[in-house]
Amino acid sequence: MIIDTPEVQDINSFSRFESLQEIYGIVWMLVPILTLVVGITIGVLVIVWLEREISAGIQQRIGPEYAGPFGILQALADGTKLLLKENLLPSRGDSPLFSIGPSMAVISILLSYSVIPFSYRLVLADLNVGVFLWIAISSIAPIGLLMSGYGSNNKYSFLGGLRAAAQSISYEIPLTLCVLSISLLSNSSSTVDIIEAQSKYGFWGWNLWRQPIGFLIFLISSLAECERLPFDLPEAEEELVAGYQTEYSGIKFAFFYITSYFNLLVSSLFVTILYLGGWNMSIPYIDFLPLFEINNVGGIFRTTTELFITLAKTFFFLFISITTRWTLPRLRMDQLLNLGWKFLLPISLGNLLLTTSSQLLSL
């Protein structure tokens, strides 16, 4: 016997309403994540095109010009080509490690974007330990590279993975000490709070002027973490064929290619956040952006303006990184390790001690 009273109908309707609310909440949670991933992917495509154009200008040659207007779709064409290629596995390699390595590298870098504020309202997760979460997550990527090198059953790949791990350890410590100095100055480890602490005096309030030594060390260490020339020892073509990427093809090789540019973009964004005031207009004593928050249209205009300012500062450092790659020669492995352990580490530690002393004296 089925009882169908008004009370039972109300309970069923309420249950369906709760289920719809849960589905709506899940969809609403996924929308910003997917938007962030799509935006980052478009940004990487633009960076690849810019690098090809800038390198062509430096080398006095013609860059990509056939795939789309001015060759702007060349990176998309390369990605499509890699997607359609056969995915080969080494005959005597470790298949699980060989397959997990690229995924671990790209996912760890993607997670770093969750704590990056592109504007005051465009941040996926404003955490109290945002900058240190970025350091912790990004340090997982070299483990994926080491797994890829070991799983390839190739001496060149394994040497490339070992170099990636050694390089990451050498430059992660100075980079962390520089971030710790910024946290002491800002009295917070939140990326949003660090930007707000630089907003009072315009560009004179940037941490660049208060931490010039830390800025240089952070810039060098971030380039080394991205494995860009002159720090691309893990994939040196003349020595290791292609390093840990030697045995890869198809979409897995594309993962490494994407990871490199994801890492480059996130490093440039953190230079902007930690040292250049993030989304702030940087005009001393003048902040007219809050005036646009009279209505929703004004709020959208302010968010768009802050996003543009953040990306403009970021792409300035991307230009420096790209120019550095095509103008400086590669270091030897001993020179790279000596630079990290004998120079950057002591200087960054001294910078942290000076910052701590100045903060204690100002109390």
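Glycine is no exception: its Cβ is also placed from the backbone N, Cα and C atoms.
Feature annotations, courtesy of Swiss-Prot:
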type: TRANSMEM; residues: 30-50; note: transmembrane segment
type: TRANSMEM; residues: 98-118; note: transmembrane segment
type: TRANSMEM; residues: 129-149; note: transmembrane segment
type: TRANSMEM; residues: 165-185; note: transmembrane segment
type: TRANSMEM; residues: 253-273; note: transmembrane segment
type: TRANSMEM; residues: 303-323; note: transmembrane segment
type: TRANSMEM; residues: 336-356; note: transmembrane segment
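Ranked by Cβ pairs under 8 Å to the transmembrane segment (253-273), the stretches 98-118, 129-149, 165-185 are led by 98-118.
By number of Cβ pairs under 8 Å, the transmembrane segment (336-356) is matched best by 165-185 from the list 30-50, 98-118, 129-149, 165-185, 303-323. Sequence-distant neighbours of the transmembrane segment (98-118) (same chain, 6+ residues past either end, Cβ-Cβ under 8 Å): 36-37, 40, 89-90, 124-127, 130-131, 133-134, 137-138, 140-141, 143-149, 151-152, 191-192, 195, 244, 247-248, 252-253, 255-256, 258-259, 262-263, 266, 269-270, 273, 278-279, 306-307, 310-311. Proximity of distant same-chain residues to the transmembrane segment (165-185), defined by a Cβ-Cβ separation under 8 Å and at least 6 residues beyond the stretch ends, is recorded for 131-132, 135, 139, 141-143, 145-146, 194, 197, 207, 210-211, 214-215, 217-218, 220-222, 224-225, 227, 231, 233-234, 274-275, 336-337, 340-341, 344-345, 347-349, 351-352, 355-356, 359.
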